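One structure is given here, and the rest of the page talks about it.
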Amino acid sequence: MKENEIIFQAINIKKEFDVTVALKGADITLKRGEIRGLIGENGSGKSTIMSIAAGMQSATSGEMVYKGKTWNPTSMIDANLQGISMILQEANTIPGITVAQNIFAGREKEFTSHGIVRIKKMIRAAQALLDKYEIGYIHAADQIDRYNFEDRKLIELVRCINENIEILVVDETTTALSHNGRNVLYKLIHQLAEAHKTVVLISHDIDEILEHCTSLTVLRDGEIMGELTKEDMQKSDIANKIRYLMIGREMTGDYYRSDYDSVCSEVSRLSFQHVTFGRIKDFNLEVHAGEIVGIGGLSGCGMHEIGRAGYGLEKLIEGKVLCDGKIVKSCKDAIKYGIGYISKNRDTEALILNGSIQDNIVLPSLPDLQKGIYISKKSEHMLSDKEIERFHIKCADGNQWVNTLSGGNKQKVSFAKWTAKGANIIIMDCPTRGVDVGVKQFMYQQIMEMKKAGNAILMISEELTELIGMSDRLLIMKDFEISGQFKRSSGLKPADMINYMV
Amino acid sequence: MAHQRAGKKISSDVKQNIIMFGGLVFCIIFFSIFTSLHGQSIWNPEKLSTLISDVIVTALLSVGAVFVYALGNIDISTGKQVGLYATLMVVIQQQTGSLLWGVLLSFLIAIFIAIVNAITGELLHIYAIIPSVVFMFVLSGLSTIIYSNLGCRSISLYNYDYSIFKNPWVMVGTLIIESLLVAFVFNKTMVGKYTKAIGANAISASQGGANIIKYKVMAYIVMGVCTVVASLFQMGYTASASDSTGTGYELNVMIALILGGMPLSGGMKSRVSSALVGAMTFSLLNVGLPLIGVPVNFTFMVKALIFMIVVLITCRKRGGVLPR
């Protein structure tokens, strides 16, 4: 077993879903001991190619070679037992059973004697693994539902890594993890690489890739656009080159906003006064017309709850949320007063996935569209078509279902809902989560348009760079309180804020 | 890419139409051919009138039930409600000589049941089917008490000309009017649009401004009102009611809706036409099977078989998952 030995090869892999072509003949070669970055926009096929290698689905055509033999895994468990494991983007734990049962799902035989699974033995083994990865605060005997999304991701990680592991695929997992969770993951990745194992890190975060990977493959539209070595990745202008490879054109114009003028109106549109609920105590904030207020922090710092409270979704014990002087008690009030809310849980809260683009866009506007009790098809069409055009939503027409759209286009629909309604105070929670660079830039431009039109914007995000790039005023939260405040300036750096976060 | 997606979307709509109408068209052709082999015809006036009377109650019930099924909910008390309303109409007619008061009382009870059904499910965070199961038992109990007090198992209208309820034109006319009204509310008003949105994703609908409880109550009321209309025709056809009137109708409704391609999970693909098509398919099976020589003892078995085949062929979702 030596370094640089080729462990896995995929040759001319094609994958078609009905009429959609996800991979148009992609080749990839993985070597022992490397941390390979896989980067590309949504729908570029970066997840697809590795999910084929990990046995989740099979290719339409093409060939794979693993450890010198033809590789055709029958299932993810089969691939896992033979050494290729993948941590998926979505939650992939089994609800309703214990942590230990999740970790050893499909491997119960190892703990079985006389046809009975020795639960205690399984729990002990699972706990030993959890302790080994320094996440011993998770108890193997607990029901998995007791843990949040982040912990469940870490549990998945433990499940993936067994003594046979040769290749670990991590699919956009870090966006779901907090600072600590990420560190656990990164440490593990480097440990594996040092032990001459292979890690594939799928991401669209260029900084993350540059920091941790030893080589990089860029995909676009189901094709490999380029491979970069460690030396390439250390060049000064490399981030722009990667972006160019990803989207196939130069990024023109500014990525974030370019001005450092944080003057806004004196008129307070949305105001939190002594807001107290859950673990939030006496929270105060004013958002003015034409102002972008950013809130940053680690997930679990309370910033998402603030967004919900601003939209009337939380029951306050004390204090009040005011919109133009009127109390916001429910989201129905909020909508009436012109507040729009983009939930961070795009697929479960912000959108009706099993509904058309039009159904989603017109939903908050239905009361405005009715004449008497009648809502005409034409009025719905006109409203949604206007927004589809404004946001350049890539679709055949408004009748296309939202679950067929890519992440970026889905997010455009959740924005379009509120521009269609004419909301002029917009609370956006993680507005660019799971959205690729091209669309991100477009969204930032839209947010700037909103600001220029005098709208008040509350932008909650886990990405500090985006908050620094967009906010007039930036708040950092820690332990359900505001721990730091920053004015817009060109000198602001994420490093200035980390201390206020952890 | 955009055009390819369009193709996929259209084909999924076409598929739903095939599901909806395919079964009905197949049944019509099948029974037209095979009944004639047995020297019978489903198209002779007598059989047609049987068919209409068979289809009418199921169809009137199913059309209203579309609202509740679109929420992703199921109401199991429908049959017992029909029984109670029919009984009340007859009892009150015997006392007062008029059907009006019985019908009005039935509407009031139906609205009350609708409100309780919708609100308890939502406020107590229990499956919406549970309160309807409770109602099923309560109404069974009521009916038992009424008939044991009356000292008989069936009662008839007293001195009343009920021929109007046996007139096929009145039946079909009522069904058409009810369907058009329900379809209008379902497709062209906030009540219907919010109902579908709540069925598809309640959190998202609520964050989009829909008052979940209010619109669930509305949906259940639509079903309740349609149930009373159906009860009137159920009672009117024989001018009587008994302790077994309506028994099992909730299942007929469910079967009709599934045969009509209604997704049991509710949501945006729900259609009023599913109720009509499904009820007709179901009645064709009821009336047609004995005519092609299936012994009456076996009709249930054959229906089960056909139902299974239809569900397996048509209702499979992507990834091979049965309708949820």
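From the backbone N, Cα and C atoms, a Cβ is placed for every residue, glycine too.
What you are looking at is a predicted structure, and each value in this text was computed from that prediction instead of being measured.
What TrEMBL says about this one:
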- B:18-39: transmembrane segment (TRANSMEM)
- B:51-71: transmembrane segment (TRANSMEM)
- B:99-119: transmembrane segment (TRANSMEM)
- B:126-148: transmembrane segment (TRANSMEM)
- B:168-186: transmembrane segment (TRANSMEM)
- B:217-237: transmembrane segment (TRANSMEM)
- B:249-268: transmembrane segment (TRANSMEM)
- B:298-315: transmembrane segment (TRANSMEM)
Interface check, the transmembrane segment (B:168-186) with the transmembrane segment (B:51-71), three or more C-beta pairs under 8 A: yes
Stretch with greatest number of CB pairs under 8 Å, the transmembrane segment (B:217-237) reference, B:51-71, B:99-119, B:126-148 candidates: B:51-71
Positions on the same chain near the transmembrane segment (B:18-39), where near means CB under 8 A and six or more residues out: 259-261, 271, 273-274, 277, 280-281, 284-285, 288, 291-293, 310, 314-315
Folded-back contacts onto the transmembrane segment (B:126-148), same chain, C-beta under 8 angstroms, at least six residues removed: 71, 73-77, 79-81, 83-84, 87, 91, 113, 116-118, 120, 216, 242-243, 250
